[in-house]
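Working notes for the structure below.
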Amino acid sequence: MNIAICPGSFDPITTGHLDIIRRASKLFDHVVVAVGSNLRKQPRLSAAERARLIEKVTADLENVSVEVMEGLLVDFAREQGARVVVKGLRAVSDFESEFEQAQLNRTLYPELETVFIMSASQHSFLSSSAVREIAALGGDVRGLVPDGILETVRQIYSRSDGKI
């Protein structure tokens, strides 16, 4: 079985993330969405809560599962029996850091390949950080996050004080 990992913090999952997951699900036998933590950020929701939101919007994808990932991606990939990491690229600027991470992962787990999927043009500007900022400032995030979690995202990420 050809298993791929789609890792991220998904704080929150965006329509761009979901597009990459859907496209990866057509390329691989099984896709594991690995919900991790970014040590440089303090997420509003726990990894388990973010995973539940992703499960809700990927429920129609039979070959996609969602797991909380703790520790190194390479260790998680080994545990899952995966030899592929799928990453979305929005712009050339994403490539440099993703390339470095892919090289590091390959050093730690030589059998692990990284496959880059170019974001659809309508998602090329989209990031979780932008969604958090728009929601915190009272803006409309419709179309930026999956419809199935729109109200949840509005409630969690909107703040009356405008802080992100």
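Backbone N, Cα and C define each Cβ position, glycine as well.
Quantities reported herein were computed from a predicted structural model and do not represent experimental measurements.
In the three-state DSSP classification, LEU73 (substrate binding site) falls within a helix. All protein chains considered, the CB of LEU73 (substrate binding site) has 21 other CB atoms within 10 Å. The substrate binding site annotation in Swiss-Prot covers SER9, LYS41, LEU73, LYS87 and is backed by sequence analysis.
LEU126 (ATP binding site) falls within neither a helix nor a strand when secondary structure is assigned with DSSP, and so counts as coil. As annotated by Swiss-Prot, ATP binding site applies to SER9, PHE10, HIS17, GLY88, LEU89, ARG90, GLU98, HIS123, SER124, PHE125, LEU126, SER127, SER128, SER129.
Remark: HIS17 (ATP binding site) has GLY8, PHE10, GLY88, SER128 as non-local neighbours, by Cβ distance under 8 Å and separation of at least 6 in sequence. Residues or ranges marked as site 'Transition state stabilizer' by Swiss-Prot on the basis of sequence analysis: HIS17.
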Cα-to-Cα gap, SER9 (substrate binding site) vs SER124 (ATP binding site), nearest whole Å: 18
Cα distance (Å, whole number) from LEU73 (substrate binding site) to LEU126 (ATP binding site): 24
Those binding-site residues listed as SER9, SER124, SER128, and which of them has the most Cβ atoms within 10 Å of its own Cβ: SER128
All-chain count of other Cβ atoms within 10 Å of LYS87 (substrate binding site): 21
ATP site span - longest C-alpha distance across SER9, PHE10, HIS17, GLY88, LEU89, ARG90, GLU98, HIS123, SER124, PHE125, LEU126, SER127, SER128, SER129, in Å: 18
Cβ contacts of GLU98 (ATP binding site) (under 8 Å, same chain, 6 or more positions away): LYS87, LEU89, THR114, PHE116
